[in-house]
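Written below as structure tokens is the structure these notes are about.
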Amino acid sequence: MTKIKLGLLYGGKSAEHQVSLQTALAAIKALNQDKFEIHPIYITEQGQWVRGERIEGEVTDVEALKMSGAENAISPLSLSTEIIPSAASEENAIDVIFPLLHGPNGEDGTVQGLLELMNIPYVGNGVLASSAGMDKVVMKNIFAEAGLKQAKYASFIRSAWEKNREEAYSKVEDKLGYPCFVKPANLGSSVGINKCKNREELEDAFVEAFQFDRKIIVEENIVGREVEVGVLGNDEPKCSVVGEIVPKKDFYDYKSKYIDGDTALIIPAEMTEEESNVIKRDAIIAFQSLDGAGLTRADFFLTKDGEVYINEVNTMPGFTPFSMFPLLWQHTGLPYPELIEELIRLAIERHEEKQKIKYTI
């Protein structure tokens, strides 16, 4: 059987660099090397691209994935010939890319656009869904147009805030009240997010969030259970069972997600069949409103009255040992190794479908 030459793309110039390394390590452990040739492609924290030797055997430490040596790093402008050759005749050709990148410069449509220009199959969402899914303000605007119920929100640009901070704080207090959540608009993994109960905490949260992005979003607090569902597919997506996150802290922050695992995951979540159906329905609506492909994880709040509010969609959920997405599919009957193989199949399917498009008149 001919092996699929799989390029694992990980690292990235992002605050979520370490998360990406953890995701890559988990994927490598799960991939069947009888079916796949694994070719690591590392993006350093400085944005340099390095292609390593084919992975054979076991990798046990994320540090082994940090390929060093500036002499081997190149500019993305040379990718098509030096890092990711896709011509079938080339010995180092790559059949499909699996981007395991999180945050800006990876999950936001930039890398997806590069791979589109190179006309190479890649796992996951395209340029539109990736960019819209990364920007919480754009995403919420799209969800509003799709008729999805969500928390009230307000967005702010750093330059305007610097000119009139009082106006920004007053807008939050008048429109949203306390408590509220302040978040960078273009970052995931709960980086830079703070829950604010008063003006002092709000001011501090604005300062921190603007360190990570030029645009931030502030959302009203919805009192409810945090539930999530996985979506898998292309034109006909399907949903996993619904899971629940029960953080021991005030909310599900970066440390709870990736460092100490100080959170309980309940899969499947206890709820009525009607509540589960509404969550799955809205997850599909969100996926299709973004023109999703491959996968998303949709996050919701479920109130004690049974009201469902969509929080956000993650277009590249993590695959770490604590990650909800693979666990949801495991409990749905799709084990992690098979999940990854299905994502690769979907990537190839989508690429073949796009080759049918006519570009000349």
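The backbone N, Cα and C atoms fix where each Cβ goes, glycine too.
Keep in mind that what you see is a predicted model, and the values were worked out from it rather than measured.
According to Swiss-Prot, the domain 'ATP-grasp' annotation covers 140-345, on the basis of sequence analysis.
Residues or ranges marked as ATP binding site in Swiss-Prot: 173-228. Under DSSP, Glu208 (ATP binding site) is assigned to a helix (H, G or I) in the three-state scheme.
For Asp299 (Mg(2+) 1 binding site), the number of other Cβ atoms no farther than 10 Å from its own Cβ, over all displayed protein chains, is 21. Residues or ranges marked as Mg(2+) 1 binding site by Swiss-Prot on the basis of sequence analysis: Asp299, Glu312.
Summarising the annotation, Swiss-Prot assigns Mg(2+) 2 binding site to Glu312, Asn314. In the shown protein chains, 22 other C-beta atoms lie within 10 A of the C-beta of Asn314 (Mg(2+) 2 binding site). DSSP assigns Asn314 (Mg(2+) 2 binding site) to a strand.
Taking a C-beta cut-off of under 8 Å and a sequence gap of six or more, Glu312 (Mg(2+) 1 binding site) has these contacts in its own chain: Lys136, Met139, Lys140, Ala298, Asp299. A Cα-Cα distance of 21 Å separates Cys180 (ATP binding site) from Asn314 (Mg(2+) 2 binding site). In this structure, the C-alpha atom of Leu187 (ATP binding site) lies 10 angstrom from that of Asn314 (Mg(2+) 2 binding site). DSSP assigns Asp299 (Mg(2+) 1 binding site) to a strand in the three-state reduction. Taking Cβ-Cβ distances under 8 Å and a sequence separation of 6 or more, the neighbours of Asn194 (ATP binding site) in its chain are Phe181, Val182, Glu201, Asp204, Ala205, Glu208, Ala209.
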